[in-house]
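Feature annotations, reproduced from TrEMBL:
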- 460-499: compositional bias 'Acidic residues' (COMPBIAS)
- Cys48-Cys51: disulfide bond (DISULFID)
- Cys384-Cys387: disulfide bond (DISULFID)
- 3-129: domain 'Thioredoxin' (DOMAIN)
- 337-462: domain 'Thioredoxin' (DOMAIN)
- 457-499: region 'Disordered' (REGION)
- 1-19: signal peptide (SIGNAL)
Amino acid sequence: MKAIIGLLALVAAEITTEGGVLVGTKENFDEILENNDFVLVEFYAPWCGHCKSLAPEYESAAGKLAESNPEIKLVKIDATEEGDIAGEFDVGGYPTLKFFKNGNRNNGIEYGGGRQADDIVSWLIKKSGPAAIELSGADAAKAAVADNDVIVVINGKSDEFMAAADSNDDVTFAILDEEAAAELKVDAGKIALFKTFDDGRVDYTGADSADDISAFVNSESLPLVSEFNDETAPKIFGGDITQHVLLFAAKSDGTYDENYAAMSTAAKDFKGKTLFVVVDCDVEDNSRVLEFFGLTQENCPAVRLIQMGDSMAKFKPETEEITATSLSSLVEGVESGAITRHLMSEDIPESNDGPVFTIVGKNFEETVNDPAKHVLLEFYAPWCGHCKALEPTYEKLGKHFADRDDVIIAKTDATANEFDGVDVQGFPTIKFFPKGEDADVIEYEGDRSLEALILFVESDGTEGNEGGDEDEDYDDEDYEDYDDEEDYEDYDDEGHDEL
C-alpha cells in the first residue's frame, strides 16, 4: 500500500506548476489530459517575444479559473525541449494554443480568442460549457443583459441558433424561459441581441439559418466605430467584414471628438459592409500601423480605407476634410471604382548617381518598363538583417555594371513604396526585369554571391538562378518573412513568432 502511495506521489510530483500554470512534458502530458476534462495548452519557445507578452496574461487567467472554474486547466509546453509533442500537434509557430476536451488528444481545437486574461477565461468557459446558457426568470434575464457587453437570446428552440452559438467564441448566447422572455420583451421564436453600446438592442429579422444568424451577430457585436487596440483587434479581424475605414487621430487633438462623430454618422450607412476604426496616434504601439499606411504622427488626423485579403489594397480620400459626407464619398468612390488604389511612394531622390539606382513608387514603371534596359531590383526593408548583409555585395554588383548602359542595378524600400502587381513575400526579394517588349519578370532564387549575381545578369537571367537552397549561406533563415497584413494585424491575436 505504501509503495502505491509513494508511486502516486512520485507521479504527482512530476507535474509542476509555474504561476498557476501546469508545466507539460512528454512524461506527464498523457496524465494531464486524462485527469482533466478541459485543458488549454500553450506551446511556446523561451526566446519568443509573443510568448513573453502572453505569459503574465496566461498566468492571470490560470489564477482566475482556479477560483471560478477549477475544472479548466492551463498548461504550457516548451516546444524547443518537447519536440515530440510539438511535432504531434503540428506546431508551426509560437505561441500555438490548443484546447482539449475529455482527454481526447486527437481533437485539439485551435484557440481563437484574445490574449488578455479575461479573453482567455471567457473563451474557455464558453468552450467548456453548453453553446447557449439557459436563463430562467426575470432577474436572471436582467442580470445577463447587464453583465455581458453583447448577448444574443432566443425565445424558443432552434437548431440553427444553437449551431450559430457553437461557432461563436466571443458572444454569449442564451435560451429564455417564459418569464425571462417576458422581461426582455422577446416574442416566441424570435431572436434579439442586447449590447451595452450604440442602440442597445437589435431584433433579428433574418432567416432561421446558422450562417445568417452568425453574420447578424458578427455585424452587430462591434460598435459603429471601434478603437483599434489589442483587445478589439481579434473582433475587427476575425469577422467577415474585410473593408475597413480608418481614422488616424490623436485623442489629445482638439478635433478628435468632431472627427469621431463624423465616423459614427457615416458608419450607420455602411453597417454590416464596412468597419469604421479609430487608431489613436498618441499610442506608441500604433506607430507601426501608421508606418504601414505611409503616415506619421504629424499627418494625423488622416483617413484611409483598406481592403483586407491578398491585395491589402489601400485607398486615400480625395479630400483631407473629415466629415460624414467625405467619409461616405470615400467608401462609395472605392466601391464604384471612381477612387483607385493608393500606392505609397517616397519622393524621387534628387541625386541618383550611385552604383545602385534607387527606385520609388513614382519612378518604378518608367524604370522597369524601359525596353532598352535590363533592371535587377532588390526589394528590401530597412530593418532586415539579411538585406544589410547583402548590401556590400550589391554595391559591388552595381559598380561592376556601371559601364553598361543597358543594365540598371537598383533597390527599393518595399516598406515605403508599393507597386501594383508586384508580389513581395520576404526580404530581400530580387527580381529581374529583362529589356525588350513584354518580357517576363524573373525572380532571382540563386546564391547571393557576387559571382552568381553577375552570371545571372550577364546571361539575361538564364543562368545562375539555381543552387541557392544548396548553398550553406542561403537557406530559409536567410530570408525574412514579410506579411503585409502583419503591420495592420499585428494586434491580431493570431500572431506568431515563426519556428
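Placement of Cβ uses the backbone N, Cα and C atoms for every residue, glycine included.
Quick caveat, the model's predicted, so the values are computed rather than measured.
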DSSP three-state assignment (helix, strand or coil) for Cys51 (disulfide bond):
helix
Calculate the distance in Å between the alpha carbons (Cα) of Cys387 (disulfide bond) and Cys48 (disulfide bond), and round it to a whole number.
22
Take the C-alpha atoms of Cys51 (disulfide bond) and Cys384 (disulfide bond) and report the distance between them in angstrom, rounded.
22
Measure the Cβ-based neighbour count of Cys387 (disulfide bond), defined as the other Cβ atoms within 10 Å of its Cβ.
21
Count of other CB atoms lying within 10 Å of the CB belonging to Cys51 (disulfide bond):
22
Cα distance (Å, whole number) from Cys384 (disulfide bond) to Cys48 (disulfide bond):
18
Specify the count of other C-beta atoms within 10 Å of the C-beta of Cys384 (disulfide bond).
19
